[in-house]
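Okay, structure first, notes after.
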Amino acid sequence: NSVHPCCDPVKCEPREGEHCISGPCCRNCKFLNAGTICKRAMLDGLNDYCTGISTDCPRNRYKGKED
């Protein structure tokens, strides 16, 4: 059983000094910089971007509401 390099196996959270374990805006245990594309545009022509403070890839605020 291998342990993820970002994960403290006892606490089941990021190791000390690391930001994250996984997610679209996490790479090498750190949050991706704000403005990094995390989801490329499809039909609407607007990319989604990382915030620099979360592993989530928030929906571009200029896109319409999801159906």
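Please read every residue number as a count from 1 along the shown chain.
For all residues, glycine too, the Cβ spot is worked out from N, Cα and C.
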Name the cysteine that pairs with C38 in a disulphide bond per Swiss-Prot, restricting the answer to C7, C12, C57.
C57
Please work out, from what Swiss-Prot records, which of C25, C26, C29 forms the disulfide with C50.
C25
Quick one: which of these disulfide-bonded residues, C6, C38, C57, have their CA within 10 A of C25 (disulfide bond)?
C38, C57
Can you give me the Cα-Cα distance between C50 (disulfide bond) and C20 (disulfide bond) in Å, rounded to a whole number?
13
